[in-house]
Structure formats: structure tokens, C-alpha cells
Amino acid sequence: MSDHGARILVIDDEPQIRKLLKVTLQAHKYSIYEASTGEEGVLQASLQMPDLIVLDLGLPDLSGMEVLSRIREWSHVPILVLTAKDREEDKIAALDGGADDYVTKPFGMGELVARIRVALRHAAKSANEPQLQFGELTIDLAQRIVELRGERVKLTPTEYDLLRILASNAGKVVTQRQLLQQVWGSQHTESDSHYLRVYIGHLRKKLEEDSTQPKFIVTEPGIGYRFLSRD
Amino acid sequence: MGNRNVLWMKWKSYIGITAIVIAMTIVLHPLEAAFDMVNIALVFLLPVLLSASLWGFRPALYAAVLSVLAFDFFFIPPRLSFTVADLRYLISFAVYLSVAALTASLSSRLKHQLLLSKQREAHTAVLYELSRELGAVTDLQSLIDSVSLQVSKTIGSEIAVFLPDEQNRLKLYLPSNAASNWGQREEGQAIARLVLNHNEAAGFGTETLRDDPGQYAPLRADNRIYGVLAVNLGGRTAEFGPEQQRLLEALTDLTASAIARMKLMEEARIAHLTAESERLRTAILDSVSHELRTPLAAIIGSATSLIEGDRLFSGEDRMELLQTIREGALRMNRLVQNLLGMVQLESGMLKLKRNWCDVEDLIGVALAQVKEFQQHRQIRVKLPDEVPLLVGDEVLLEQMLVNVVSNAIKYSSDSSVIDIVVRTSGDRLILTVTDRGVGLEEKEYDRIFDKFYRAKSSKNVTGTGLGLAICRGIAELHGGSISASPNEPQGTVITIALPLPTREDSNPDIIES
């Protein structure tokens, strides 16, 4: 994997969490820089120019959101946020505010490392791949053709747009608002979130063997959807 | 205004009598020759009887005197003079007057009795009505309003009620439609305090402070004084008789026993609540301390072993100890999550989000969450062809589903079957989770949704007794319900009913196909 050796900045006020991240991520061959406050984090981000930032949203000085927006003012570096379980609003705000993904505390290291890989890969990827391949599912972006196990799947334009956005962000969470904005445009209304559910339901019926145990499009409750990419 | 009216009524009777006597004299005068003197005398009894039955004793007596005078003046020789020639007529006059007086008194007493019995009947009706009303009320304000209404209907006065609080300070309660601020005057407090301390009525119509316009009576029931009822009798001294006094006393008694009943109910409720919160506290302590200490002991023990005896363990042992640490921590995490969830639900901190939720999706997410400990249990999902969307908080609904399905897994044997069935019934979406596990005792089906309640059969399974309580909280927050019933031949069915979106919420079928 090309992400080995990537430089990661960890911004977290809890020494225990920093230690855990440092030990584990170093074991995965990443170089780690640490910051214990928001101010220091913003500074380190500009000095070290890391390849990825892990940011705890619950910081004592600046709010995590503040740090996020200050870094986003000048950098597209992938940012992963750490949040508590019951803070859906924070997660959504962070994702809509430019974070690339989130991990809920307490988290397993396997999950965190997987998210880091996806984020690094997305950052490194060249923009225009004409075809996406996920196991038995092939999406031809140039011709707008979707094939499952070699057979063409008929999708409506909206279903196709949804699938395209989710699949080109494979492995990353996409919030409901991001989906609505990209499919329905900036004038989307509240009732469109109703259609979003319906279309995702249709899409699953066409793609999944068992829509209660989806293999491609999984729901992140209260946040949005994630297209699963298996390495 | 009222006084002038009464005065006018009084004078009207006397004027009427005078008019009748004059009229009779004018009519009878020319007939004098045709009638005997005795006949005329008897006719003159008429106005007496009439006024006795119409207006009472005094007007009747006035009628008698006036009739005698008219008879004497116009009919007894020498005429047009009060002089009586034949002295025997004086005896006749005396007899006439006594007959008149007797008739008048009998007739007016009869009238009075009739009046009294009518009044009693009215009072009985009032008391009956009030006692019926008071039997139904459950809060103090409506009780006071009922009493106030009846007192103002029968006696025409306003009331105020003084009740002592926990610190024995008198608190004033006024009817919600209090017309004046009479109840709030300062003397009221002082007199009420006096009444409460001496257990005797005071104010108007009593021995103490009789100049006060209000009458203050103790609200006494079962040898206990619950407070003081004050009635404003200012300006009604004339009409307020013993009959009203009796009625007022009866009303006071009724009020007292109603307040006593309410107090007792309140005390019983508080006693019950105290016992309940005591039970809850013990349960929380037991449950939380056990549920926290067990995994902590496992974590600390395993970690210490790993650090201290690094070389003693084989790779396999080490992995086992590490897994113990992980499991312990996960268990504590679940407990903390449940405790936090409960606190949020109970404190009302939780703001319910109203998003569109796909039930199929919710089930999918929940199943993904329980996958790790489902082992070999088969979970079958049956959905209707068209799964309706719900409006609600998907994170909470998912948590509810996870809790219910986890329970089904926890209390059923490995490789048994768990069924999740979704259907609609009227305006509700019904979701049932059926296991073939240990089941519950008959009387436990309601209790398992109580906080910290653990079923008898679950003593050897870890848990806090919070999961289903949280489920109930979530279901109710969404305007739904959750219930449990036995499954045949064994196991439990948990039924969740959630309201389907109304027509205003949804705007279906504008979907491209």
C-alpha cells in the first residue's frame, strides 16, 4: 500500500488517547506528530504539513469545529474526526464542514486504520477514473452503465446519480445533506430527504441480495450512507 | 337596592290591606240593610285570612285592627263615630280580634313552615350536589371552585380557604374566579391563624370577633384540623339566619372531609413514591456497582497479569487475557451508554429528531450491530411488500431495535430462531421480535419495561435492567408503545407499535419508476 510512511498529526487533549494512537499507528508504519490543544494543532498542521489529521472534536480550548474550519481555510489535507457516540449533530456538522470521515469513541484500532487508509487513498487518487470496480459490481462512469455479475442493472437517473456519488466516495461516509445537494441541487427541500430514503431503498433492491443485510450501501444512522469498499 | 326592595314589599302589604278594607266598606255599606250585622262582621274576617296567608302575622294583625275600626266606624251605631252605643259590641270586637289573631298566627306559621321545608329541601339538594362534585374532584383548586360555587349560589358570599403548609405557615387559596380581593386582606390571615390554633369558629355570627364581616370556621374531619374556611358575610347580616348558618356548617363539613380525603391520598402517594425511589436507589446501586465492578475486576486482573507475568504466558494465554480485557471494556461501555441514555430520556434533555426513517434500513443497521454475538442463532426478517417510511429519530429507533434484538439473543439458546416481522395495522406500524428462549413468568410481562427490573429467569445473565426501560422511553417519545407477551410454545414476543406518518407528513408517489 502506498500510504505506508504517511505522516499523521493527532490533535487530542487526552494523553491516553494520544499514546494509544501513537503506539498503534507507528506499528502500522505511520509517522506521528502530536498536538494537545487546538491552537497547537492548527500551528502544527501548517508547520509539519501532515498527510492526514486525526482531530478530536472535544478539545478544551478551541472547539474541534473551529480547528477544522481554520485548517480548511488553506488546506485540503484529509481530516478524520473523533467524536462521542451520541453526538450526531457534531458529526454531521464536522462532515458538512469539511471533515473527510469520523470515528466514534470508543473505537477499535482496526476501524480507525481502515478509515485512515480510505482517506489517504482518496486524497492520492487521480480524479478521473472512467470505471469503478467493486467485486461483482462495475460502474462505468463514462457510459453511465452499471453491471452486477456481468448483467446490466437498469437504474433511473436519480438512482444512478446516488450510486455514482456513493461509489466514487467508496469507504467514506457521505452525509444526507451532501447527497441531497449533489443529486437534487442546492434548492433541495426537506421533503427530498423522504425521496432519498425511497431511492436508497430502490437502489438496494436492485443491487443487494438481502436489503436488510446490505453489502454495498450501508446506513450510518442519523448521518448518512457509506459505500463499502473491500480491499 | 336590595333593602329598598324589601321595604317596598313590606309597605305593599299594608297598602294592599288598607285598600281591601276600604273597598269592602264601600261595597258593604249600601248593603247594610239587606245583611245582618253578624254577616258583615264575618265578611270583615276575609282580609285577615287573606293577609295572614299572603303576607304573614303582622299584616294580618294590622288587617284585623283596621277591619274592626272600619266596622265600628261605619256599621256600628252610632255611625261615623268610634263610639259604641251597645257595650255588648265590645265583647264581639274582642272575640273578633282574638279569632283574627289566632287565624293569622296559625296561617303565618304554616306559611313559615312551608318556607322552611322548601329551604331545607334546597339546602339538601345543594349539599347533595356538592358532595357528589367533591367526590369526583382530585385537585385542590377544583375542590375550592366547587365549594365557592355552591356558597355563592346559596348564601351569595365569596369564600377563601386557608391551609397550613409543611412549615405550618398558612397558605391562602382563592377560587379561580374570585371576584374581589376580600380573601387577601390582612386580618384574614390573623383570624384564620386564631381559628386554627383554638379549633373554634370566629368572626361574624360567633363568640369571637363577631364584628368581622367574615365567618372563619375550622375545616375539621376525624379530629384533625385541615385548615380554615372563610366566608364573607359582610352586608348580608339581615338574611343570614340560623338556617343559613346550618347550611354553611354542613358545607364546611363536606369541604373538610373532601380536603381530608385529598390529603390522605397525597400522603399515600408520597409514601408510595418514597418506597419506590428507595427501591430504585437500591436497585441502581446493586446493578451499577455489580455491572461496573465485574468487568473492572476482569480488566484490572488481566492487565496486571500481563504486565507482571509477561514471561509466564504462552501466546495463546496472552490472547485470551487480552480478549477478556476487551470484553470487559465493551461491557462497561454498554452500561455507560445505557445509563446515559436513561438519564437523557428521563431528564427531557433529549430532543427528538423527526427524520424520514426506512424500517428496512433500521433493521439492517440493528442486525449488523448484533452480528458479533448472534453466534448461530438464525434471525429471519419478514417485511411487507411496501415498507412504509416512519418519521422519527433513526438513532433512537435503531437503539431500541438493537436492545430488543440483543435481548432476544441473550435469552435464547444458540442456533434457535428469532423472527422479526413488520406489518401495518391501521395507522400504526407493528414490529414484532419473537424468540424461542426462556420466556417470562406471567406477571413479569409488564414489569420488564420498568427501570432496573430484571426477570427472575435472567439472574445468571449479565445486564442492568435498563435496556427495555430505554426502549419504552423511546417508543413513547415517538407516540408509540412497546409490550411483551408469551410466545407459543416457548419464548417471548416483543411488540413495538409506532404511529405511521399522517397525510401532512408524507407526499408519496411522485417517484420516477
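Using N, Cα and C of the backbone, Cβ positions are placed for all residues, glycine too.
These features come from TrEMBL:
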type	residues	note
DNA_BIND	A:129-229	DNA-binding region
DOMAIN	A:7-120	domain 'Response regulatory'
DOMAIN	A:129-229	domain 'OmpR/PhoB-type'
MOD_RES	A:ASP56	4-aspartylphosphate
Per DSSP, the domain 'Response regulatory' (A:7-120) contains 54 helix, 26 strand, 34 coil
Within the same chain, the residues at least 6 apart in sequence whose Cβ is under 8 angstroms from that of A:ASP56 (4-aspartylphosphate) are A:ILE11, A:ASP12, A:ASP13, A:GLU14, A:ILE17, A:GLY64, A:VAL81, A:LEU82
On the DNA-binding region (A:129-229), the mean of the pLDDT values is 88
